[in-house]
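Here TrEMBL flags 22-43, 214-253 as region 'Disordered'. Annotation comment: TrEMBL describes 69-91, 97-115, 366-392, 418-441, 1001-1017, 1037-1056, 1076-1098, 1110-1132, 1139-1158, 1178-1199 as transmembrane segment. For 134-207, the entry in TrEMBL reads domain 'P-type ATPase A'. Residues or ranges marked as ATP binding site by TrEMBL: ASP492, LYS493, THR494, GLU613, PHE654, LYS677, ARG714, THR794, GLY795, ASP796, ARG891, LYS897, ASN942, ASP943. Annotated domain 'P-type ATPase C-terminal' per TrEMBL: 966-1212, in sequence order.
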Amino acid sequence: MLGTERGEEKLRVVDFGPAPEWTSRTPRTARSWLGGTGDDSNLSSRRNHYCSNRVSTAKYNYFTFLPKFLYIMFSRAAYFYFLVQMCLSWWNEVSPFGGIGFTMALVFVLAVSGIKEIVEDVKRHQFDRVTNQSTAHVVRLDKDQELGVEIADRKWEDVRVGEIILVMDGEEIPADCLCLHTAVENTCYVNTANLDGETNLKIKRAMRGAELCSEEVQSGGHGHNGEETGAHAGGSTREGPHQQSALVSSAARARTMRDLDGMRDQASKLAQIQGQVHCEQPSAHLHNFKGYVSVTSNPWVGAGDAETGGQGAGKFPLDMGEMMLRGTRLMNSGYAFGLVVYTGKETRIFMNNSETPNKQSSMENFLNIQIVILAIIQIVICIACGVMSYVWRGKVGFDSYYLMYDKFVQNNYPNDGVYIIVYIITFWILLSSMLPISLLVSLEVVRFAQCISFINFDPSMRVDNEDTSRWPKARNSNVNDDLARISYVFSDKTGTLTSNEMQLRMMSAGMTQLGDGKHKFEDVEPDDPATEVARDFDPRLWECYQEIGSVEQIVDCLELGVPTDSSAVTDASGPLAAQVLKFFTSMALCHSVLPETDGEGNVTGYQGPSPDEVCIANTMKQLGWVFKGNKSNVMYLDVLGKKCKFRLLNVLEFSSDRKRMSVIVQDQRKNIFLICKGADTVMIPRTLYGEGTNATSQEEVDRIVHDYSCKGLRCLMFGAKQLGLEEWKSWNAEFQKAANDIENREERMAERMDEIEAGLHFLGITAVEDKLQEEVPESIQILRDARIKVWVITGDKQETAINIGIACKLISDQERLMVLNETGKDRLRSMVQGHLEDLREGKASAGASTDGRDRELVIDGKTLAVVLSDDSLSKAFASLGALCDCVLVCRASPAQKAAIVTMMKAHERSKCIEGKPWGLKWTGVLDHMISNKVLSIGDGANDVPMIQRADIGVGIVGKEGRQASNNSDFSIARFRFLVRLLLVHGQTTQYRNANLIKYSFYKNIAISVMMLYYQFYCGFSGQPSIDMLTLNFYNTVFTAIPIVIFSLMDSPVECLETLMKYPKIYNTSRTLHTGIFWKAQIKAFVDAAICFFIPYYATFYSGSDSIDGLYAVGRISYVALQAVVTLEVLMIARHYTTLFIAFVLYSWFIVFPFFYLFDWSMQILRVPDPGQAGMSTQIFSSAAAWLQMICVIGLSIGLRFSEKGFKVIFYPDDVQIISEMEVGQGKAEAIKASLLNKRLPGVKNANGGP
C-alpha cells in the first residue's frame, strides 16, 4: 500500500498494497494493492514522502538540552535579571564582589531546575523508546511463499503510510488506520481510554468496498458524520439456523488469534483488491473524518455502486466509523486488518497534544508586580547612592590624600557623569540580593509538593469503594493559590450537579401519559416478567400487552409513522395498544447502544455514548422490547418474546447543533421508516399536528412537556414517518454524494438530514430523571455562604432547570425570581436595565431582597444569544449577573458556555478600571490581575471550552468520559469535593504561599539594607560588609529550608475541617495584598538597622585579637540577622511540629560550622579571601560578640513578639478567632463568636450556636 499527496487537490491519496520485504529501512519496489502495480520507480519516494511513525514527546536531547534549557530559563524576566547581575559581577571595575559568588548562586538555582527538567525528560524518553520499539504486525510481500504475502513483525517506528497492518485482540493500534477486515462480521470494538478517556467500547466497521465475502443485501447505505455511524454491529443476534453472537467468546478469539494461516489467507485476498483512498490532510478532530475510497475492482463481492447499495467497485464515503486511531486498543474482536493513513505526529492523538493554555495565578501576577516595584525602588536607591558617592568624593574624598581620589584609576573616573553611572551599577550589584533568587525555585517546589502531598492524596476527596482513578488530581500547580480567590463558579448541570444516572420515570405514548413518576425501574429484578413490570409502571399497559401479544406477526401492525386508525389492533384498547407498540418499537430502534451479553448470549445490559440512550434501552428491555443486536446491518428485536428484524439503512447521528438523531430502517415487508428523537425545541417544529395524526395540537404536546419539566424531568420527543422506496433512493443518492464531498461534507449532509427529518408523526415523549449527586444542595449553600456567585448552565428546558435549581438550593424563592425570556432587543434591554436599577437601589421587587441576598436570575439560550450579539446589552447583563447571587442559564449551547465565562471575566476587568482617571487605569489592570477569579466545572467534552476559558478549570471524572478532566487544572470525582478544594486547600495553600513570598522578600531586603546602612560609613564607596560567598549561602542555604517546611506543614487552623464550618471567612482571610506585603518589608528595614547599628557602635579596639575590623563586624551582624530571620519563621507560624522546629534550629546552628569550614578553606586553600582566615575563632571566642548577638536577637524578636501579641489580643483576624473558638470553652468562646458575628453576620460556631 503506497501513498501520494496531491497539493492541488488538498487531499491525501493512499494506494492499497502490502509492504515489500525490507532490507534495513529502504523498501524495494513492489506491486501496489488497490491500484495495480503502478509506476514502481516512484514507489519508494512516495512511501517516504510522509512523516515517520517514530514519535518523540521529549523536549531535549543530548545536544539541545543546554542551549534550549538556558533559552527557556533566561527568557523569563527574573532569570534574565540575575544573568545580567552575574555578568556584571565579573566586571572588576564596577563590581563590589567577585563574580564567583553570583555565578555559584545562579548555577545552583539553574541546576535545581535543570535536574527537575532532566528527570522529567528522561521519563519521556523512556516512554518514547517503549512506544517506538513496540511490535506491529505488517503484511508484506514474500515471493518465496505460495500465497505471495506474509505477516511479519516490525517496530512501530518503521510502520509507513499505505501499509497493511494486522492488530490482535488486546493490542494498541500503532497508527491511524482505516479498518479493512475483521474477524467477526466486519466489525470490531476499540477502547479509546488513551485517546479521550472514555471507558466504554466503540464499534468500528470495515471499510466498504474491501469486503472479502458476498452478503445478501437488500439495500445498502451507511450513516455518516460521527464516530459510531452507519450500521452498528454488536450484542447477540438469534434468528433461525444462523444463530451467532457478535461478541465471540474468549476461547473462540484465542483460536482465531492462533490461526495465522487463516489470517495470511485474508491478507492475500485483501492484496487482490484495487483502488485508492482519498482523505483529508492530518487533523486534530477526534470525531470527524472526511474521505472516500474509490474501488476499481474487488473480486470477492458483487458489483454495484455505493449509491445504489452495492458493495463492489464504486466510490464509497469514509467517516470516523471506519477509522481505528493510534493509541486505541482492539478489544473483544479477535483481530483486524488496517490500512495505515496517518503516522507519527500526523496521527489524531499527537495532533491533539496541544499544550493546555498557560494560566498565571494571581499570586504570580502579584509577585511580578512587587518585583517591578522593588526593582524601581532599587534603581532609585542606586541612583541616590551614586549621586551621594559623587558628592562625598567632592567634599571629603579629594581632601583625604590617603584615599587617593586624586588618582583617576580603576572606577575613579574624572568625568562626573561616567563616575555616577559606574557607581549606580556598583550599587545595583551590591543590592542585587533585594530580589530573592531562591524564591523562584522554592515556590515551584512548594507548589508541586502541595499538589502531590495534599490535594492528590486527600482521603476526604476520594470516592469510596472505587479505584485510585477517583482520587483528586491537581494538573496545574501554578494556580493552586487562586483556589482561595474565587468569586464566580460556572457549573454544568448534567453529570456535574447530577449523577448522570438516568432513570425513566414517566412517558407519553401519543397523547396518553403513562406512569406517575413513583415507579423505579432500577429496583426491578432481572428475572421479573415484562408484563408485571409494565403493570406496576401503569396498569393500562397490561391490557395493551394482552392485545399486542395476541398478534402473531408484530410487524403487521406497526405502521410506524402512520395514524392508528388503520392498525390491526382494533378493540377498545386498540388505539392505545397501537400507540404503545409503535412508540416502544421506535425507542428500541432509534439509538446507538451496544448490547452486553452473558456466556449464553442473553442480553444483560447496554453500552452507549449517551446515558439517556442506555437508560431508555434498559427500560425497554425491562418492558419487553429487547434490542438483541445488529448483524450485517440488520437490527434484531425481541418484542414480548416475538422476533422482529429491521434492516438499518442510515443513521443520522446526534450532534449538539442538531439536538436530535434519526435512523432509517426497513421492515420485513420492505416498508421504509424514519424514526427521529430529540429535544422538544427541535422536534416540535418538525412534527405534524391535527386531524389524522397522533398529536391533536402543538399546545397539547407543549403541555405534556411542561408538565414533565415542572417535575424536574428531562424530555425526549419521538417522531416517525414512512418513506417510499424511490423517495429514499433519491434522497440516499444525494446523501451519499454529500458524504463524498470532503470539503463541504458537514454543510451538505446537514441540508440532506434537515430535508428528510421534516413532516414527522408524533409518537411520544420520554421523561427521564437525573438524580442530584450527594450533598449538592449543601455544597451550593456553602458556596453561597462563602460569597461565591454560582452560575449553572444547562441545556434543559427552563421549567426543568428551575426545578433542579430549587432542589439543589440554587433558587430559594421562585416567586421573586428574575426571568429573562425576551428575544426583542429593545424590550430585553429595558428589562435588564429595570432589574439592574432595582438591585442597585436595594428594592425588594424584581427578585432582590432588602438585605441584598436571594438575588437570583434565570435566562434561556435564545435570550442569551441576543445578549451576546450586542456589546452594550452584554455589558448591562454582566452587571446584572454580577449583582445576583445565583444565575441559571437554560437551553445553552457549548459555545455559549464559554462566551458567558469570557463575558464575566471582561466585566470584572472593566469593573477594576471603571472610575479611575486615565493616567491611573493601569492600576486597575493590576488590580484585576490579582483580584477575584472565575472557576468553571464540568464533566463532558462540551464543557472543555468553558473550563479552559476560566481562570481555574475543574473537571469531574464522570460517565461522559475524561475530556473535561484531562483539560482541567484540577480533577475531582464529585461536585461536593469542590467545597473542600476551595475552602480547605485553597485557603491553606494561599496562607502558606503568601507567607513564603512575604518572608522570602523580607529576608533578602534585610540583608541588602544592612549593607546599604554601611554605605553611610564608607563614603558610599560600594564596599560590602559581607563577602559574596557568605552572602549567597545566606539566601540559598541558611534561610531557604525553614520557610519551605513551613509552606508544607503549617496551616491557618489546627483542624482544617474548621474552614468548612465557617465558609463566610472565605475571601476575607486573604493573607497577601500590597499593604500586608510592604508592612513585612518595612520590618526588614527595622531588623536590618538593629542588626547593623548595635554591633557597629558596640565594637571597640581591644588589641591584636580585636573584633573591630570590617569583616568581623559584618560577620557579627550577619550571624545576628541570620538568627533573627530564621526565628521569624517561628513567629509567623501558627502550629509547631518537632520536624519544623528541628529544621529552624538546624538552619541557624549550621552557620557556625560553615564559618569554621570557611576559615579552613582560607587557611589551606587560600580562597576566597586569605585575609579573613581565623576570624571565626576570634568572634566565637569573644564574649563581646556573643553579647552583641544576644542583644540584637533579643531586641528584634522582643519587638516582633510584642507586635504579634498586641495584634492577637486586640486586633485578631477572622481565622485567628475561629482557630481559638475551635479549642475554646464556655464564656470565652461565646465572646469570640459574638465578635466574629459582628464582622460576618450569620456566622455560627462549631456547635451550631450563634
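Placed from the backbone N, Cα and C atoms, the Cβ positions cover glycine too.
No curator has checked TrEMBL annotations; they are predicted automatically.
Structural mapping of features recorded in TrEMBL.
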residue : record           : DSSP (3 states)
ASP492  : ATP binding site : strand
PHE654  : ATP binding site : coil
ARG714  : ATP binding site : strand
GLY795  : ATP binding site : coil
ARG891  : ATP binding site : coil
ASN942  : ATP binding site : helix
Of 69-91, 1076-1098, 1139-1158, whichever stretch has the most CB pairs under 8 A to the transmembrane segment (1001-1017):
1076-1098
So, by DSSP, how many helix, strand and coil residues make up the domain 'P-type ATPase A' (134-207)?
7 helix, 38 strand, 29 coil
Residues from the same chain, set at least six apart from the ends of the transmembrane segment (418-441), whose C-beta lies under 8 A from its own:
78-79, 81-82, 85, 88-89, 91, 93-97, 102, 105-106, 109, 112-113, 367, 371, 374-375, 378-379, 381-383, 385-387, 389-390, 393, 411-412, 996-997, 1000-1001, 1003-1005, 1007-1008, 1011-1012, 1015, 1020, 1022, 1024, 1031, 1035-1036, 1040
Counting Cβ pairs under 8 Å that sit 6 or more residues apart, are there three or more between the transmembrane segment (1076-1098) and the transmembrane segment (1139-1158)?
no
Would you confirm whether the transmembrane segment (1178-1199) and the transmembrane segment (1110-1132) meet the contact rule of 3 or more C-beta pairs below 8 angstroms, pairs 6 or more apart in sequence?
yes
Mind checking which residues reach the transmembrane segment (97-115)? Cβ under 8 Å, same chain, six or more beyond either end.
69-70, 73, 79, 82-83, 85-86, 89-90, 429-430, 432, 437-438, 440-441, 444-445, 1024, 1027-1029, 1031-1032, 1035-1036, 1168
Surrounding residues of the transmembrane segment (1110-1132) on its own chain - C-beta under 8 Å, 6+ positions past either end:
995, 998-999, 1002-1003, 1006-1007, 1010, 1014, 1023-1027, 1030, 1034, 1038-1039, 1042-1043, 1046, 1087-1088, 1090-1092, 1094-1096, 1099, 1141, 1144, 1147-1148, 1151, 1155, 1171-1172, 1175-1176, 1178-1179, 1185, 1188-1189, 1192-1193, 1196-1197, 1200-1201, 1204
Sequence-remote partners of the transmembrane segment (366-392) [C-beta within less than 8 Å, at least six residues beyond its ends]:
77-78, 81, 416, 419-421, 423-428, 431, 434-435, 439, 443, 926, 929-930, 997, 1001, 1005, 1012, 1015, 1019-1022, 1072-1074, 1077
Average model confidence [pLDDT] within the domain 'P-type ATPase C-terminal' (966-1212):
85
Measure from the Cβ of GLY795 (ATP binding site) and count the other Cβ atoms within 10 Å, all protein chains considered.
24
Go through THR494, ASN942, our binding-site residues, and report the one whose Cβ sees the most other Cβ atoms within 10 Å.
THR494
Return the residue, from the listed binding-site residues ASP492, ARG714, ARG891, with the maximum count of other C-beta atoms within 10 angstroms of its C-beta.
ASP492
Quick one: give me the count of other CB atoms within 10 A of the CB of PHE654 (ATP binding site).
21
